[in-house]
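*Asks:* Provided herewith is a single structure, encoded as structure tokens, for subsequent inquiry.
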């Protein structure tokens, strides 16, 4: 990928801040030029501006001296009561900007020459389905010869050539830098996952979203947001974006129906997998008509889903390569995005029939005369329930579920997931997910609290051994769902990030070379 965005850009800092809307820039030296923006003092290059923001544990200003030693031309920081900045050399301006966290998106947008003004950015939010939907949007548009990219949990870049990333949505400067790189690479459309954390922490500020897609709202991240209501409102913020032209909303979801009442400034498309939609009179669309797209019939075929679509664009049948009927929601959202892009129904269906799921999203792994293994990222109660119900429809034998729960995360969902696995699977093996710094036995104990017969569950904390056992003890007609980590190629134990892949381990257990 072209990386010129990192090498040739030079901006006058006073003009940059003024253009971004920051008031009172007279205190900034008039002739100060910067060559980069970064929040990471370890990434500072000579001439860069180091941006210091308050964090959950410490303030970035504590790394200002390190940034100066690396050649920073200026330090931008957000003043916080009780935080005293260090003394710096007189030739390195220390510039305090109130609410810099909120302003940074506009600053990064201007620094990188408004990259999202040249790329149609489609933001996808919701508890479940973001990755599949955003990834398949990019893949389908690429099938239609529209140079497209994806950004989210799997990384960023062209489908099939992704660069790795550490968060669903990275920091604000990185978001704009990545879009600028994609623009330089000729990308015209970007399917982007937008997490609730990113919206709450201003990580996507300054991005000119053209389309917002709402998938669903179920329990997750309550350790951060506190309540389901606060979690929902964080996601709803995307639909107040001033640049938004299209809102695509799943109204099978209760919170989706609420969001649909708030987007009259956009062209609204409502989605349902439950047949024709009874339009709520409170739903309004900027162009008058509220468009709808729905599924009339869904059939679980041996190798995927057959879906009869209907709605404002007419009727069509899709024979997909997606397993799991919850993927109907995802495919509805992708199809609506293609149709609002001006693609005909026939061409959109043709493109979708060439697309498959992204890595670790109901990803099937097979071998002759062996059980079917499915690797999926399901790590919430709702996602696990949907995955188990979906898998059952595609197989006639026993259903085995291998799963765990992440450490240092919402503990309330652990017994819920245990209860769901016990109810829907024939056999469950509880193992480690990413225990992080939490005691793994304590995590397992929390999961077991949700079981009515905990003695029937198999506990094997070694994830590789758990996968091996599940596959070795299953018949050719059985299916083994390996849930929780999906595409991840690591396992976090303590503070150590160890190499591990559910996909690779399943291949080995099935006797296939990875």
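Backbone N, Cα and C atoms are what each Cβ position is placed from, and that goes for glycine too.
Copying in the features that TrEMBL gives for the protein in this structure:
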DOMAIN    34-109  domain 'Mur ligase N-terminal catalytic'
MOD_RES   235  N6-carboxylysine
DOMAIN    360-486  domain 'Mur ligase C-terminal'
BINDING   409, 433, 434, 435, 436, 484, 488  meso-2,6-diaminopimelate binding site
MOTIF     433-436  motif 'Meso-diaminopimelate recognition motif'
*Asks:* Can you tell me the three-state DSSP label for the residue listed as 'N6-carboxylysine'?
*Replies:* helix
*Asks:* Residues of the same chain, at least six outside the motif 'Meso-diaminopimelate recognition motif' (433-436), with any C-beta under 8 angstroms of its C-beta?
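*Replies:* Tertiary neighbours of the motif 'Meso-diaminopimelate recognition motif' (433-436) are 379, 403-409, 443, 463, 484-485, 488, 491-495.
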*Asks:* Neighbourhood of the meso-2,6-diaminopimelate site (409, 433, 434, 435, 436, 484, 488): other residues with Cβ within 8 Å of the Cβ centroid, in order?
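*Replies:* Neighbours found: 379, 404, 405, 406, 407, 432, 485, 491, 492.
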*Asks:* Do you know which of the recorded positions 235, 409, 436 has the most other C-beta atoms within 10 angstroms of its C-beta?
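*Replies:* That would be 235, with the most Cβ atoms nearby.
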*Asks:* State the Cα to Cα distance, in Å, between residue 433 (meso-2,6-diaminopimelate binding site) and the residue listed as 'N6-carboxylysine', rounded to an integer.
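*Replies:* Cα of residue 433 (meso-2,6-diaminopimelate binding site) to Cα of the residue listed as 'N6-carboxylysine' measures 26 Å after rounding.
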*Asks:* Neighbour count, 10 Å Cβ-Cβ cut-off, for residue 434 (meso-2,6-diaminopimelate binding site): what number do you get?
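*Replies:* Summing over all protein chains shown, residue 434 (meso-2,6-diaminopimelate binding site) has 24 other Cβ atoms within 10 Å.
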*Asks:* Treating G and I as helix alongside H, and B as strand alongside E, what does DSSP give for the domain 'Mur ligase N-terminal catalytic' (34-109) in helix, strand and coil?
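*Replies:* Its residues fall into 23 helix, 18 strand, 35 coil.
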*Asks:* Do any residues at least six apart in sequence from residue 488 (meso-2,6-diaminopimelate binding site), in the same chain, have a Cβ closer than 8 Å to its Cβ, and if so which, in order?
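*Replies:* Set apart from residue 488 (meso-2,6-diaminopimelate binding site) by at least 6 residues yet with Cβ under 8 Å, we have 360, 434, 500, 501, 502.
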*Asks:* Work out how many Å separate residue 436 (meso-2,6-diaminopimelate binding site) and residue 235 (N6-carboxylysine) at their Cα atoms, rounded off.
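*Replies:* That comes out at 27 Å between the alpha carbons.
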*Asks:* Take the motif 'Meso-diaminopimelate recognition motif' (433-436) and average the pLDDT across it for me.
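*Replies:* Mean pLDDT for the motif 'Meso-diaminopimelate recognition motif' (433-436): 98.
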*Asks:* Between residue 409 (meso-2,6-diaminopimelate binding site) and residue 235 (N6-carboxylysine), what C-alpha distance do you get in Å?
*Replies:* 19
*Asks:* Which residue, of the binding-site residues 435, 484, has its CB surrounded by the fewest other CB atoms within 10 A?
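*Replies:* The binding-site residues 435, 484 were compared, and 435 has the fewest Cβ atoms within 10 Å.
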*Asks:* If you draw a 10 Å sphere around the Cβ of residue 433 (meso-2,6-diaminopimelate binding site), how many other Cβ atoms fall inside it, taking every protein chain shown into account?
*Replies:* 22
*Asks:* Quick one: DSSP breakdown of the domain 'Mur ligase C-terminal' (360-486) into helix, strand and coil?
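*Replies:* Per-class counts: 48 helix, 25 strand, 54 coil.
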